[in-house]
Amino acid sequence: HDVVQPSYPDARGAGRGDGGEEGGPASLAAALTAANRGPTARQQALPAVRRALRAGAALAPPHAGQILALCLEALASPDSPPEVRAHALATLRDLAQCAPDAFAPHADIALPRILDVLDDFEGAGGGHSEVALAAGDALDGIVEALPPSAALHALAPHLGGGGAAPVRCLTRTIARMSANTLMHDTPVLIPGLIEAFNSSSADVRKAVVDTLVGMYDVLGDWLLPQLSGLSPSQQKLVTIYINRAMDKPKAPAAARDTGGAGKRQDGETRVPLAARRS
């Protein structure tokens with residue numbers, strides 16, 4: 001699918017005349033201070049914060065929490081226009097990308113709010129397309145910035161009821177993980193994936209199948225007994241897609257050390273998963 005980039009308002013010219021060096025630490029501190037002067041000032045501060053982050057401003061310990069609060073207030077306010085909400089989401093993405101260590105402790109707070117924005121657009125249909133695109137971009141950027149295991153644990157609580165977006169992000173996260181790490185974290189994922197597999201949304205169910213195929217690509221046959229909670233028809237569907245994936249030729253660069261996980265031979269075809277015991 002072609003990726004449509006959200007048309008964020010340009011942050012490059014924001015934050016000038018704030019009394020500090022353009023884009024530097026003083027500029028960031030000034031923008032955060034100005035944000036406390038009211039809703040209008042808060043809206044004007046977001047582009048300045050983004051610009052300072054992209055310029056490499058060093059974050060003092062409280063700054064990440066202040067930026068998070070600024071963004072969440074803009075997202076929660078019913079008076080925030082779509083442009084401001086898009087800026088808030090882009091600021092969360094920039095914070096994660098530019099200062100991942102400072103952002104990481106706040107990921108569990110930020111991700112649910114971003115998923116709420118996506119749910120408003122995809123579920124109720126009442127969201128703004130520019131804001132939804134910004135939310136998707138923020139979710140991708142945050143998950144990419146986190147270490148794979150941290151991203152997995154941040155996504156896991158939202159797999160069952162968070163729509164297709166967190167499941168798709170999980171698929172990309174799994175591709176960055178070693179077999180041993182994913183094997184250790186699999187029990188955290190299975191309950192949410194099973195719940196998502198029972199979603200009424202075909203997009204969510206398809207995303208779950210893609211994720212399970214990706215997990216099998218890393219873990220091999222070790223994964224199969226972990227899927228006993230699926231219904232027989234779900235197990236059959238997963239098997240079909242695993243077989244299709246195994247039939248596709250892979251480039252040498254895509255080869256992965258399974259680290260002792262379930263081995264499989266080239267050309268092997270998976271038998272259907274064992275039916276769930278009643």
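Placed from the backbone N, Cα and C atoms, the Cβ positions cover glycine too.
The annotation domain 'TOG' is assigned in TrEMBL to 10-251. Positions annotated as region 'Disordered' by TrEMBL: 1-26, 249-278. Feature annotation from TrEMBL assigns repeat 'HEAT' to 189-227.
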Count up the helix, strand and coil residues in the repeat 'HEAT' (189-227) according to DSSP, in that order.
35 helix, 0 strand, 4 coil
For the domain 'TOG' (10-251), would you mind checking the mean pLDDT of the predicted model?
85
